[in-house]
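Per TrEMBL, the feature signal peptide maps to 1-23. TrEMBL lists 51-184 with the feature domain 'Glycosyl hydrolases family 2 sugar binding'. Per TrEMBL, domain 'Glycoside hydrolase family 2 immunoglobulin-like beta-sandwich' is recorded for 209-310. The annotation domain 'Glycoside hydrolase family 2 catalytic' is assigned in TrEMBL to 313-496. Summarising the annotation, TrEMBL assigns domain 'DUF4982' to 613-676.
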Amino acid sequence: MKSFVFFVLLLVLSFAVPTLALASPEQLDACKQKINSGWKFKLLDAAETDSGFQSVMLDDASWASVSLPHTAHVEPLVVNDQWQGICWYRKTIELPQEVVEKKLFVEFEGAMSQSRIWINGELVKERMGGYLPVVLDATEYFKPGEKNVVAVRLDNTDNPLTGPKPLKILDFNMYGGLYRNAWLTIKDKVYISHPVLAGKTAGGGVFITYPKVAADESIVKVKTHVINEDADKKVVEVVQSIYFEGKLVTERKSKPVEIASDGEAEFVEEIPVVSAKLWSPQSPSLYSMKTTVLVGGKLMDEQSERFGVREFEFKAHELYVNGKKTFLRGVNRHQEYPFVGYAFSDNAQYRDAKKIKEAGFNHIRLSHYPHSPAFMDACDELGLITLDAIMGWQYYLDDDRFRNYCYRSAIELIRRDRNRPSVLAWEVSLNESRMPVPFMEELHRITHAEYPGEKVYSSGWMNDVYDVFEQARQHRILHGYHENLAKPYFVSEYGDWEYYSNNAGLNQDKLDKTTRLEASSRQLREYGEKRLLKQAYNVQESHNDNLGTSAYGDAYWVMYDYNRGYHDEIESSGIMDIFRLPKFSYHFYQSQRETSAGAMVKIASYWTPESALDIKVYSNCDEVQLFLDDELVSSQKPDADKNCTHLGHPPFTFKIETFTSGTLKAVGLIAGTAVCEHAVKTPGKAAALKVWLDESGKMPTAGVNDTVFVYIAAVDENGTIVPDYSEAVAIQLNGDVTLLNVGEIKAEAGIATALVQIGDASDEISISASAIGLQNGKLIVELE
């Protein structure tokens, strides 16, 4: 979201010590640089003392050399006993003497979860909470012209003062480490403040709002907070320049304002934008606001904020985006990758968002904590409306320290994400936690204080106080009361728990395990067609039911399979598995998108002797033809049963009398014209391995710790994936690339997955796969 327009800042490595080298003092005016490389890391043993680990004199040569994002502990695929404990990071930075007159800031986007940070042996900050940035004014601690040591101590053990539940009874995992980016920013003494450090309600930094949104002319309001820490007073001017696709749209220069030494000022401009390109899920148009701070015509600071002109408005229970009625078809997401937990690359964050968009969704509920800035960037770019949440799950502590932590989280979440066009509402609520009314009232008050004005919304899971009421479908089935609300209503979760726990019963032991799993939406890809079709049936039934309520949107639980602290199995209600491979339910949702986003047709069958003879086909076309070996089975309109009454694009069900090995082909037609097709062929015996990468809109990139899935499929002599293949696969890598898998790599439903991390190489890598009795597969990848 926040990109900065700066002069070039180079990291020169000398004897493993990063040195910030600049060509001239003028280049120091405004520099923001990732400091992800060159860290030393140590995992503390239970019996080991860490006394003195913050000292400049400590010899950390034996510590592991790592780059960020980094997980404190690489976990197995199924995380039965996630590591919790204390770990340390250290980095030596040599700053040029020229920064002696500059401001220096350090920011960690994610540090899980209780952090203590020293610079040159002095404690700078202690912080609780692992999902929001830790920001330091490090000016008084760094020593220009010398080697500086930044030391970070992290503790991700259970903390009652932050919650949520202890890991052993938690329905997700909280992985340790410096798992997002780290930044060093150098500014002049007259500078744009950081919204978190400024500590100003509805202020600090650059804050962009939209008092008027209209097709002919919109008004963009921008408020900029400037601090003068120079020894002398300064006369300051601020220039706001709005760009679209790199071209200047309009510009506004403020009146000169005198700011006393150690003083501050806010500059407010309302800038008309004629015929603005409005941001929406269908057209996520993004502008850039370049804010320039001048003293006597000299550039002192410059910062760029990306934004989108848009308006979210509720009329009764309906949502209007820029005046257009819009239903939000959404999904929940946990930010977990296998093996590395939370520590995956910005590119991988984008790939996650891209898959969600391609699945037919226009909305994401960010469960149950603030997600990565890189993921939020992708939502802005792709047109995914978000429900932005503070951390909380089934936990409330009657203690002022806990309450104040929650209040601080709400404040900092809004200050971090307030300029994002994708944020519809702020979920300043502790999910499925009993909260006192005064506590909720304060969180609601904070929302409107930090983001004043109309058409700003707080959101919560209890029908009190908040502007928007979130209710999971299992709670509605159990409790009802959704139709007569005076506020907007959103189905925050559905399609999972009500089936897993026997139609919303609170007793999971009501059914024996076998029966419960067969009825459940929690289905791994390896469980086969019958159970994957059951998941897709549950999804269709529950989504159709939601569409019959007054809800303005819904969010399926969940997009991707994930691990849980309290359970020794992967939670598998995802419409994609933990490796981001689709299940049949993925294609159901894809079929619900409008044809303007792409016509599609997909056969939900492997077409084997064990396959159902009632063939389910998902499509957003108005007619589908099904062929078996080029012979027309039938041409049909969409289904019209009880689970299709509210769907925009019901599925198609074809009946075949007997199984015949061969090729099923579905052809989608719109107004009688064929527009798309999909075929499945009866698989033969596995003969070879086929290797490909998960690109999802971002090619693998060197130098950014890119984490990429590599898929290895067992295919027959015709290239058809063999879904009953489940053997081990061996991987060989060449080039600057590392395998991250723990344990044996086995195929599931015919496809094995390796997670690799791209190093700093700038040319190519190769990936070879082998398995007993199969022809080897190989892929050569040219890196960005």
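Each Cβ is built from the backbone N, Cα and C atoms, and glycine gets one as well.
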Within the domain 'DUF4982' (613-676) only, compute the mean pLDDT.
98
Across the domain 'Glycosyl hydrolases family 2 sugar binding' (51-184), what are the DSSP residue counts per state (helix, strand, coil)?
8 helix, 51 strand, 75 coil
Helix, strand and coil totals (DSSP H, G, I; E, B; other) for the domain 'Glycoside hydrolase family 2 immunoglobulin-like beta-sandwich' (209-310):
0 helix, 72 strand, 30 coil
Counts by DSSP class (helix H/G/I, strand E/B, coil) across the domain 'DUF4982' (613-676):
0 helix, 34 strand, 30 coil
